[in-house]
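Engineer: I'd like to ask some things about the structure below.
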Amino acid sequence: MEAPSFAYSASSSSLLSLRKTPLSSPRLSCLGNTKHRNFSVRASSSGDSVVTLLDYGAGNVRSVRNAIRFLGFEIKDVQTPQDILNASRLVFPGVGAFAAAMEVLSKTGMDEALCSYIEKDRPFLGICLGLQLLFESSEENGPVKGLGLIPGTVGRFDSSNGFRVPHIGWNALQITKDSGILDDVGNHHVYFVHSYRAMPSDDNSEWISSTCDYGDKFIASIRRGNVHAVQFHPEKSGDVGLSILRRFLNPKSNMTKKPGEVKASKLAKRVIACLDVRANDKGDLVVTKGDQYDVREHTNENEVRNLGKPVDLAGQYYKDGADEVSFLNITGFRDFPLGDLPMLQVLRYTSENVFVPLTVGGGIRDFTDSTGRYYSSLEVASEYFRSGADKISIGSDAVYAAEEYFRTGVKTGKTSLEQIARVYGNQAVVVSIDPRRVYVKDPNDVQLKTVRVSNLGPNGEEYAWYQCTVNGGREGRPIGAYELAKAVEELGAGEILLNCIDCDGQGKGFDVDLIKLISDAVSIPVIASSGAGAPAHFSEVFNKTNASAALAAGIFHRKEVPIQTVKEHLLKEGIEVRI
């Protein structure tokens, strides 16, 4: 495990207690006449191959590290404010909540050093929160004062106009001026994941190098001189993102623009490859696939179905054009101390060469290992993020939290869902729902939300409700998928992964009735899962529901339908995808 650069880690009290900072409180403003400490500024003498990285210990910065190393550069971590001022080029991949980041920067003196460095037009690249912190303030858990370099307030997306928040996925840029580092973007999509954004205005127009449309036109990137910052994640934007990083790190490199075959114009529908990972009977980690959650072969040996090695398959799906890769740990390594969890190694190795978002689920809960050491769910999630995960997926724990909230209407702030969302932002938290159909003759027979089904039940029933399950589908719970989805959105989930036990492994298509019910009920993105068997199943779910993404496993593992074939089909059907 790579230690964070500062003593303030994601599990430390500084990030767990997200302190609101009122705008009236004293804090550095680079626009004002604040007196800076007497730092000296000089170029680094360590050579052109060294990149200084400002990692304050929250979220997945490993992917940025891996991308920089992949491009042939070395990394020097910021330990003191002077390290910032000595940098020949500085990358600031901000992750997590605005208030928590500002608190760490202020306590360590990094805020003043950052302002001094940027004001002197030194080479700088801010990523995501690293862009937002440059503005005067943010409404996130606030108002909270920012560094004040760029006029404007960072505000939350408006979901009342039908756009889902967080803004998650591959979207198009409208480049407004020559930015240098964006020369290769052209008609390609780049990857966004955020709930807050800065808006263009007359006061900040001189900074803006590109915008993006999502309900409103927001600032996607800025440039002034040698100072760059982007709202999207280049380290998660595939080859296009790597070219952006390369152009910043080596602006003198001779690169030709890559024309896009298909013009990116809006948020694309995502095609996600899912890998169910578990230990087989020999103890080796393998990718498997269930048939209604049964992952064993129906042979005399009854062995675990083995479809390949997780790191190798993830790398292949990245090359094949998967928009995200999702790992589901279905073993639950409960006897391992946290630092030795096998899935952590899978993430670390995968993130070295896979530059699209990685999600990991399974085992995100409080537990005590065989040595008696207790780990909170937040500690588990933090370790996954530090090992390369961009999002974590919570299953059973979210069901229990939703049941309690549904019963009491009270947010305790103590559930794993609430704690992780508070520290890392709701865009980093996915809730995985595993329901099965329960048919009823009359919707008034149950107090839970029912839907008229497209295919009648075994006794001619026209209605069904979807019972949520826990423990890998083995235990039914007295809460429906509709009620669970509404509850977890309130508790802080940023996305829903919607499975269906009845459709799992059947290859007959997604449960469109279920997906439409849930995607119409919530304002956060919904990922359709379970049942894909042909490209037409993807276009059907996108045309008939408000799903933002569709996930498949078996058809990709068995090479029945390549990812590129799915995307080509979607394009022919008029559905925008990333190519």
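Positions of Cβ are set from backbone N, Cα and C atoms, glycine also.
Curation does not apply to TrEMBL; its annotations are automatic.
Below are the features listed in TrEMBL for this protein:
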{"type": "DOMAIN", "residues": "53-248", "note": "domain 'Glutamine amidotransferase'"}
{"type": "ACT_SITE", "residues": "Cys128", "note": "active site, for GATase activity"}
{"type": "BINDING", "residues": "Cys128", "note": "L-glutamine binding site"}
{"type": "ACT_SITE", "residues": "His233", "note": "active site, for GATase activity"}
{"type": "ACT_SITE", "residues": "Glu235", "note": "active site, for GATase activity"}
{"type": "ACT_SITE", "residues": "Asp276", "note": "active site"}
{"type": "BINDING", "residues": "Gly363, Asn499", "note": "substrate binding site"}
{"type": "ACT_SITE", "residues": "Asp434", "note": "active site"}
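Each of these features: where is it, how hidden is it, and who are its neighbours?
Structural biologist: In sequence order, Pro93, Gly94, Val95, Val193, His194, Val230, Gln231, Phe232, His233 make up the list of same-chain residues 6 or more apart from Cys128 (active site, for GATase activity) whose Cβ falls under 8 Å from its Cβ.
Cβ neighbour count for Glu235 (active site, for GATase activity) (all protein chains, 10 Å cutoff from its Cβ): 30.
Its own atom aside, the Cβ of Asp276 (active site) has 25 Cβ atoms within 10 angstroms in the protein chains shown.
Every protein chain shown contributes to the tally, and the Cβ of Asp434 (active site) ends up with 27 other Cβ atoms within 10 Å.
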Engineer: Using all protein chains in view, find how many other C-beta atoms are within 10 Å of the C-beta of Asn499 (substrate binding site).
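Structural biologist: I get 28 for this one.
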Engineer: In whole Å, note down how far the CA of Gly363 (substrate binding site) lies from the CA of Asp434 (active site).
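Structural biologist: With distance taken Cα to Cα, Gly363 (substrate binding site) is 15 Å from Asp434 (active site).
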Engineer: Give me the mean pLDDT over the domain 'Glutamine amidotransferase' (53-248), rounded to a whole number.
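Structural biologist: Mean pLDDT across the domain 'Glutamine amidotransferase' (53-248) comes out at 95.
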Engineer: Would you count the other CB atoms within 10 A of the CB of His233 (active site, for GATase activity), including those on all shown protein chains?
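Structural biologist: Excluding its own Cβ, the number within 10 Å is 25.
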Engineer: At a 10 Å cut-off from the C-beta of Gly363 (substrate binding site), count the other C-beta atoms across all protein chains.
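Structural biologist: Looking across every protein chain shown, the total is 24.
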Engineer: Sorry to bug you, but what's the C-alpha spacing from Gly363 (substrate binding site) to Glu235 (active site, for GATase activity), rounded to the closest Å?
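Structural biologist: Cα-Cα distance, Glu235 (active site, for GATase activity) to Gly363 (substrate binding site): 26 Å.
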